[in-house]
Amino acid sequence: MQLSKSILLAALAATPSLVNAMLPIHIKNYRFIKPSSATNSESDNEVFFVKGVDYQPGGSSGYDADSDTDILSDPEVCARDAYAFQQLGVNTVRIYSLNPDLNHDKCMTIFNNAGIYAILDVNSGNYGESLNRADPSGTYDSLYLSRVFKFIDAFKNYPNVLGFFSGNEVINDQSDYAKIDPPYIRAVQRDMKQYISKHANRSIPVGYSAADNTDLRLATFKYLQCNSLDGNKVNDDLDISKSDFFGLNTYEWCSGTSSWESSGYDKLNSTFEDAVIPLIFSEYGCNKNTPRTFDEVSEGLYGGLKNVFSGGLVYEYTEEANNYGLVKLDDSGSLTYKDDFVNLESQLKNVSLPTTKESEISSDSIYKCDNSAITNIYSGFGTNNFTLPSQPAEIANMIEYGVNGTNTGKILTDYAVPTTFNYTIKNNKDDTISATISYDKANSLNELDVTATTVAKSASTSQSSSRSLTSSTSPSSSTGSSSSTGSSSASSSSKSKGVGNIVNVSFSQSGYLALFAGLISALL
């Protein structure tokens, strides 16, 4: 396709605006992949393991949709916690509830520069902000999805967003929830992934966090990761609705009393050996015995399970009523490390993980949707023969045209990220720590261009060999119809290469000059 001269001339007049940021994580088969540079070479990129914590200070009551604050709106708090995350040795946080209407630029920039990725739940416990497991058909509507799409808009431009969770423990063994909820989870994931492919500048993985129920979680996993009716060919409708990664909330290993065998960890490898999407523990850290020693870190998750699982997130960062915290916050906002913090820090320091290149990971990611295999595990599981609820016209319209959200976040170029903060941090001996945040230059490898999206989108059609991660261009939609029967080739883990199958164009200084020269040539 030829570029029009008007578009070419507009591009020549545009000046690139570059944002230094972390390189976004992508997926290949059952592994997360962290690019080693903006060239995104499979021979250099390495498998990424999540070493993280669940982060929701204040617990479920700490989120108020009517408030002008949430846990990522105060940069002073984020700087304090970024320091603690660095000392703990984590690279990822999971956040359960956020307000998509608030500005999160400073906090996400701090986390980016500190080397912290985020996995974000798109839902909250408020009315209209989640799928009601008791009434999925009545709550799968435009009110709910408009909030989900606004959430995606608010966070899609932060490269340190590792992924979104479409739901948390929606499918459980109460009532008939395992029967009625599964198709609606896939419907929400379909809608999210279609929206991302239409309105985001990159593929962002969409996953699901499963309840701590041994039989039900396996049935859920097989249902949510499948993308083929015959096991030989990917079905587009199934691929766009499958989970890109899968989280297990598991509390089976309790410090001091559990072992590899008694915890059931010895069965996890064989149970999930056929995974074609990344597996993590989205919550772990039994608190039956305190302080927790986290033996399951070195002996389990990053030990015997490391060939199948990709790490996990300890529950949880701050001490709440349920006594799972790693740190205690006082009324002034200052924090003190618990013994649990020190023990987890020690365990994470002693983790020894293999260095595996992306090129060593198979690209095969086909998994058969097998109704009998799923119902043999959990007889009451509702696959509905892998047919999904129809996509309401209002939702299809939002996917096509966007939700016109007023808040779209970005990494800041003119923000002097803080190295100190006005809170006191004490260790587990109650000694005050002299705290200074460090920022590794490696967290600014990605030069994101935030201009000239029209030209970049057009130019991408003639740059099929480019796999650069440095563009902020919006991919053209490949979904055709936004209806539930429409197909999409822009699934956020499609073919599990690069950042999905969306081709991006580099707009680093050298890349921009190369495009400039190409445009001149086209004009001539």
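Placed from the backbone N, Cα and C atoms, the Cβ positions cover glycine too.
Swiss-Prot lists Glu169 with the feature active site, proton donor. A C-beta separation below 8 Å, combined with a sequence spacing of at least six in one chain, links Glu169 (active site, proton donor) to Ser209, Ala210, Ala211, Asn249.
The Cβ of Glu283 (active site, nucleophile) has 24 other Cβ atoms within 10 Å, all protein chains considered. Residues or ranges marked as active site, nucleophile in Swiss-Prot (evidence: similarity to another entry): Glu283.
The annotation (1,3-beta-D-glucosyl)n 1 binding site is assigned in Swiss-Prot to Tyr96, Asn168, Tyr315. Around the Cβ of Tyr96 ((1,3-beta-D-glucosyl)n 1 binding site), 21 further Cβ atoms fall within 10 Å across all displayed protein chains.
The feature (1,3-beta-D-glucosyl)n 2 binding site is assigned by Swiss-Prot to Glu169, Asp212, Arg217, with similarity to another entry given as support. Taken residue by residue with DSSP, Arg217 ((1,3-beta-D-glucosyl)n 2 binding site) is part of a helix. Long-range Cβ proximity for Arg217 ((1,3-beta-D-glucosyl)n 2 binding site), meaning a same-chain Cβ under 8 A and a gap of 6 or more residues, is found for Ala210, Ala211, Leu248.
Summarising the annotation, Swiss-Prot assigns disulfide bond to Cys78-Cys107 (among others) and lists similarity to another entry as the type of evidence. Counted within 10 Å of its Cβ, the other Cβ atoms near Cys107 (disulfide bond) come to 25, all protein chains included.
Marked as disulfide bond by Swiss-Prot: Cys226-Cys369 (among others). Within the same chain, the residues at least 6 positions away from Cys369 (disulfide bond) whose Cβ sits under 8 Å from its Cβ are Tyr223, Cys226, Asn227, Ser228, Leu229, Asn235, Leu238, Thr383, Phe386, listed in sequence order.
The feature disulfide bond is assigned by Swiss-Prot to Cys254-Cys286 (among others). If you draw a 10 Å sphere around the CB of Cys286 (disulfide bond), it holds 20 other CB atoms from the protein chains shown. Cys286 (disulfide bond) carries a strand DSSP state (E or B).
Residue density at Asn201 (N-linked glycosylation site): 24 other Cβ atoms are found within 10 A of its Cβ, drawing on all protein chains shown. Under DSSP, Asn201 (N-linked glycosylation site) is assigned to coil, being neither helix nor strand in the three-state scheme. Per Swiss-Prot, the feature N-linked glycosylation site maps to Asn201 (among others); the stated evidence is sequence analysis.
The N-linked glycosylation site annotation in Swiss-Prot covers Asn269 (among others). In the three-state DSSP scheme, Asn269 (N-linked glycosylation site) is classed as helix.
In sequence order, Ser298 constitute the residues six or more apart from Asn350 (N-linked glycosylation site) in its chain with CB-CB distances below 8 Å. Residues annotated as N-linked glycosylation site in Swiss-Prot: Asn350 (among others).
Proximity of Asn385 (N-linked glycosylation site) to non-local residues of its own chain (separation of 6 or more, Cβ distance below 8 Å) is seen for Asn371, given in sequence order. Asn385 (N-linked glycosylation site) carries a helical DSSP state (H, G or I). Summarising the annotation, Swiss-Prot assigns N-linked glycosylation site to Asn385 (among others) and lists sequence analysis as the type of evidence.
When secondary structure is read from DSSP and collapsed to three states, Asn404 (N-linked glycosylation site) falls in the coil class. A C-beta separation below 8 Å, combined with a sequence spacing of at least six in one chain, links Asn404 (N-linked glycosylation site) to none of the other residues. According to Swiss-Prot, the N-linked glycosylation site annotation covers Asn404 (among others), on the basis of sequence analysis.
The N-linked glycosylation site annotation in Swiss-Prot covers Asn422 (among others) and is backed by sequence analysis. Sequence-distant contacts of Asn422 (N-linked glycosylation site), defined by Cβ-Cβ distance under 8 angstroms and a gap of at least six in the same chain, are Glu76. DSSP gives Asn422 (N-linked glycosylation site) a coil state; it is part of no helix or strand.
Per Swiss-Prot, GPI-anchor amidated glycine is recorded for Gly498.
Here Swiss-Prot flags 461-498 as region 'Disordered'.
Per Swiss-Prot, the feature signal peptide maps to 1-21; the stated evidence is sequence analysis.
Same-chain residues that are not part of Glu169, Asp212, Arg217 yet have a Cβ within 8 Å of the Cβ center of the (1,3-beta-D-glucosyl)n 2 site turn out to be Asn172, Ser209, Ala210, Ala211, Asn213, Leu216, Leu248, Asn249, Thr250. The recorded positions examined here are Asn168, Asn269; by Cβ neighbour count within 10 Å, the least packed of them is Asn269. All protein chains considered, the CB of Cys78 (disulfide bond) has 25 other CB atoms within 10 Å. According to DSSP, Cys78 (disulfide bond) sits within a helical segment. Neighbour density for Asp212 ((1,3-beta-D-glucosyl)n 2 binding site): within 10 A of its CB lie 15 other CB atoms from the protein chains shown. Counting only the Cα atoms, the space from Cys107 (disulfide bond) to Tyr315 ((1,3-beta-D-glucosyl)n 1 binding site) is about 21 angstrom. Taking Cα separation as the measure, Glu283 (active site, nucleophile) is nearest to Tyr315 of the recorded positions Asn168, Asn201, Asp212, Asn269, Tyr315.
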